[in-house]
Structures are given as C-alpha cells and as structure tokens.
Amino acid sequence: MVTIEALPLRPIEGEQQALHVGAHSSASDPRRTMVTNTSESPLASRQATLTTSTRQKHTSYRLNTAFFLFGLLNNSLYVVILTAALELLPQGVPTGLVSFANIFPALIAKAIWPYFLRGQVRYSKRVWSCAALSFIGMLLVSFFPALAMRLVGISLASFSSGLGELTFLQLSTRYAPKSSETRSGLTAAQAAGAGLETSFAGDAVGWFASGTGAAGLIGAAAWWVVRPLGVQTGMAILSVLPAFMIMAYAIILPSVQELLEGKDGKGGAMYAPLSTEDDAVERSSSDDQPTTANDDRQDSTIHIGPGSEQDVKVRLSFQEKMALLKPMLQPYIIPLVIVYAMEYTINQGIAPTLIYPLPTRSSHPLLSHIIRKLTDYYPLYQLVYQTFVFLSRSSISIFKLPAIPRHLLWLPAVLQTGLLAVLLTESLYAWFRESIASPLVIVLICVEGLAGGSAYVSVFYSIGVDEQGRGIALPSTGEEVDDEGQEEDSAYTMAKKAQEHEFRIGCVGFGDSLGILAASLISMPLQVSLCDAQVRSGRDLCKQT
C-alpha cells in the first residue's frame, strides 16, 4: 500500500499556493508539497538524493559565482580610477583630489540611502541604475579632458560603487539559512555565538567580500593592460564592465526559491523565504502560477495566504531605523571605522615615506630583483597590501575559515592602531635595524592587509547570519493556518524582519567609507610632515621619489 503524506510550506511572497491533502496532493507541484512514498525502492531513493544534491550544488555554485562577480565588478572601477589618478589630472593637481572624489560620493550613498528608502528594495532597478551611473561616469572621464568633467565622472562612478555595495549586501540577506549545518560540528546555537554558522546569506557575503578583495588586484591589472592605449580609449574599454554586473544578476544569480528547491525534503520544509518583488517578475518562468507586474511591483507588498487577495505593506519608520542603528554602533560600525581610518592612513600617509637605500644582492637577493629604484617601494607595498586583503577577504569563502566572533571584532581595530603607531615611529626615528628594515615593513603591511580584510568580511558575515535576521526564513510549523488574522500577522512579521535585516546590514556599510574619507583628509598633511621631519634628521630619500 502506498502512503502519501503532504507537508504544507508557508506561503511565499509573490506566489499563490494551493495545498490539498489526500489524493489530489499527489498531483500537486513538488516544489510546494513534499510527497513521501513508503514503498519507494532504496535504489530510487539514492538516485533521487544524488540528483537533489547535484542540483543544490550547482545552484549554490551559481550563488557564489554571482556574488563574487558583484564584488569584483562593483569595486574594480574604484580601483582603476585610483590607479590611473596621475594620468587623469593635469600636472600639479594633487592626487588626493581624485581620492576625495572617489570616496565621498560613495560615503553619501551608504550613509543616506538606507534612511531615505521606504519599503522593500527593488533590486533590479538598483542594479540597472548602478550599472548606468558607472557607465556614464566612465564615459565622462574618458571623453572629457576638462578637470571639472572628469571629477563629475569620478563622482558618479563612486556613488554607483557605494550604492552597489549597499545593494548587494542587502540582497544577501534575502537568502535563507542552511538547515543547521556548521563548519565546526557545534550546535546551531553554539555556532551562531561563535560566528561559525553557515547560511546561504553567509556564503553570499563571503563571496562578495572575496570579489571586492580581488578587485584590488584585477582592477589595477586591468588599467595597466589598457594604459598603453591612452586615457580616452582605455577608460572607454573599461566602461563596459558594469554590463557584466547586469548579466551576473540576470543570468547567473539563482532566486531564493531555486536554492530551496535544490535542497532535500527536510531543508525545503524547514525554510520558506520572503522573495523580492524581482523574483516574482523576472523569474516568473519558473513558477506555475502566473504573476502580474502590478501585483509584484508594489513596493514592500507581500501576499499573505493561499488564494488570498489581501496584501500586507511594510515600511520601517525613521524612528524604527534609529532604534535598529543604535545596537550596531559598538560591535560593528565603530570598529570598522577605526580599522579603515588606521589602514588607509598607513597606506596613504605613512607608507610613501618608508623609503630605504636600494637592497643589494648580497644582503637581500630577492628584494634586489624587485626594487631597482626608490620609486619601486610604494607600488610594492600596495601590491603586497592588496594581495593580503584579497586573501583575508576570501578566508570564509575560499579557505573555509571561521569568521571572527562578534565579541572579538574589536581586535582588528586594536591591531591596526598598533601597526600605525609602529610604522609612524619608524618613519620618524628609523628605529628598525637597517639590515631588516625594508623586509620588516613589508611583513607589517602584510599583517595590515590581513587585519583589514578579515574585519570587513567578519563584520558583514556576522550580520548576515545574525539571529535577529532569521525572519527572512522562518521555520514552518507543518500545520495549516486557518485563522486569517493569525496568518496576516505572521506574514507581516516575516516581511518586517526581512526589511529590518536589510537595513541592519545596510546601515553598517558606511563605516569603511567614513574611515577611508577620514584617512584621506589626514594623510595628505601627514605625509608632508613626516617627509620634512626625515629631511631635518638627515634622511632625504622621501624627497627623491
């Protein structure tokens, strides 16, 4: 005898579900009802499990690839502009002007946008808008040699980069946790406290951070490849990069529902996501029930029940956003500001003054092949820094290392402050032993890159898998909700927690930009002061670069 058991899933935004128990349930959509056949052969069961596992891995790879490309493409133009700063400005104009135009608009986007947004994020429009702004900005830089127009173009690209980072971090919160899997074998509660819990949201953040780290290397390399063609042609070629970001969003990125369909029966029954309005409109081909643009384009509107015509609209008030912001300051935002303020002060204000006599083959065989003139020191420092930023930002995604636990997120800030103090005093007093001074500085810059990258990925990973964000995928009770009022309350709570999670990860994003902006204002006078102090003490190598 065949026993058929139907387990209902929670209704998902943008879909109309009809679940029936009995003979009719065996013909229902398998994406919305789990059917267990007790007479199924072991071989068929193993084959089904293998197929499901393969499908889930493929979908998970798509998610990881998409978010890696988002981080890479969104941040590459920022790096390209910084690398090409000297070629973009007339002679005699300080490169700090490019740095300011390249960071201040991004800070504005990250700091203000989450508070002006009302209701649910429209991700498709955001991605298209970011790509368009970047494209226009790069064309202005390419075809208008006037300083004012180039600064406008740089500012547009910067604003796009800041808004893009905010958008993709918020998008990551729309992906549900993975059952109870952990990297360490701990219970879910223990893993959450230690920052070890795995989730699709955590994977998305990890791979996005890895992409932003890779942008430092690939963006600089891209400019050096097109540089011989000149600013106009080179920048015009690189202006097509945002188009690949749209392709990654439209083609590679899976919907939330696709991830859950790829899981085994247990995983699919435990979690039901709140999808974005884009899932319903742009990926409607994968749904059995047709959706209309008007239904799904309503900002912050969710459907609350099978066959229900009622909608719930959710909008966070400014007071609610302020209440969500306050608990994020001490554990996340302030440490991130300090890390990046110290890090970029080292890179822009102190590192250019850490110049030493050229290494000889007898004393430093390897360095003597890399550093052939005094101007080679600073590019080497930047290459080492970017490499170790990439490695540390990839610690979760590629190297499968745990994130820094929430209660230890201040450690990178303390470490960066200590590194700044050490390198500042070395620049002033040259207290490192001469034979090891330059290799030791390189090692310390490696540590600086590791600390900064690990702080970035750990902060956003911690928020992505935070218990407070679980409203995005709530456990199913396995029972039909008969009372319409209770069902509406549940749907409203789900949608509100989803928006709260989006805001929480979005409001932290301005921390790194604020630190970088502060560092850019400090670094210009600091570099001049340090070099003058070295000259007064009889060391004039900084004047020769």
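Every residue gets a Cβ built from N, Cα and C, even glycine.
Residues or ranges marked as region 'Disordered' in Swiss-Prot: 23-49 (among others).
Taken from Swiss-Prot, the feature compositional bias 'Polar residues' covers 34-49.
For 66-86 (among others), the entry in Swiss-Prot reads transmembrane segment. Only residues 6 or more beyond the boundaries of the transmembrane segment (66-86), in the same chain, are considered here, and those with a CB under 8 A from a CB of the stretch are 95, 98-99, 102, 106, 130, 134, 137-138, 141, 154, 157-158, 161, 164-165, 168, 172, 203-205, 207-216, 218-220, 222-224, 227, 231, 234-235, 238, 241-242, 244-245, 248-249, 252-254, 397.
Residues or ranges marked as transmembrane segment by Swiss-Prot: 97-117 (among others).
Packing against the transmembrane segment (127-147) from elsewhere in the chain are residues 74, 77, 81, 88-90, 93, 153-161, 163-164, 167, 231-236, 238-243, 245-246, 249: each is 6 or more residues past its ends and has a CB under 8 Å from a CB in it. Annotation comment: Swiss-Prot describes 127-147 (among others) as transmembrane segment.
Remote same-chain partners of the transmembrane segment (205-225), defined as residues 6 or more beyond its termini with a Cβ less than 8 Å from a stretch Cβ, comprise 63-65, 67-80, 83-84, 165, 168-169, 172, 234, 238, 382, 386-387, 389-394, 396-398, 453, 456-457, 460-461, 464. Marked as transmembrane segment by Swiss-Prot: 205-225 (among others).
With a threshold of 8 Å between CB atoms, the same-chain residues lying at least 6 positions outside the transmembrane segment (234-254) that come near it are 59, 62-63, 65-67, 69-70, 73-74, 76-77, 80, 84, 123-124, 127-128, 130-132, 134-135, 138-139, 141-143, 160, 164, 222-223, 226-227, 282. The transmembrane segment annotation in Swiss-Prot covers 234-254 (among others), and the record cites sequence analysis as its basis.
As annotated by Swiss-Prot, region 'Disordered' applies to 276-304 (among others).
Among the features that Swiss-Prot reports, transmembrane segment is placed at 322-342 (among others).
Sequence-distant neighbours of the transmembrane segment (408-428) (same chain, 6+ residues past either end, Cβ-Cβ under 8 Å): 331-332, 334-335, 338-339, 342-343, 345-346, 350-351, 353-354, 437, 441, 444, 447-448, 451-452, 454-455, 458-459, 462, 530, 533-534. The transmembrane segment annotation in Swiss-Prot covers 408-428 (among others), and the record cites sequence analysis as its basis.
As annotated by Swiss-Prot, transmembrane segment applies to 440-460 (among others).
For the transmembrane segment (97-117), same-chain residues at least 6 beyond its ends with a Cβ under 8 Å from one of its own Cβ atoms are 78, 81-82, 85, 88-89, 151, 154-159, 161-163, 165-166, 318, 321, 348, 503, 506-507, 509-510, 513-514, 516-517, 520-521.
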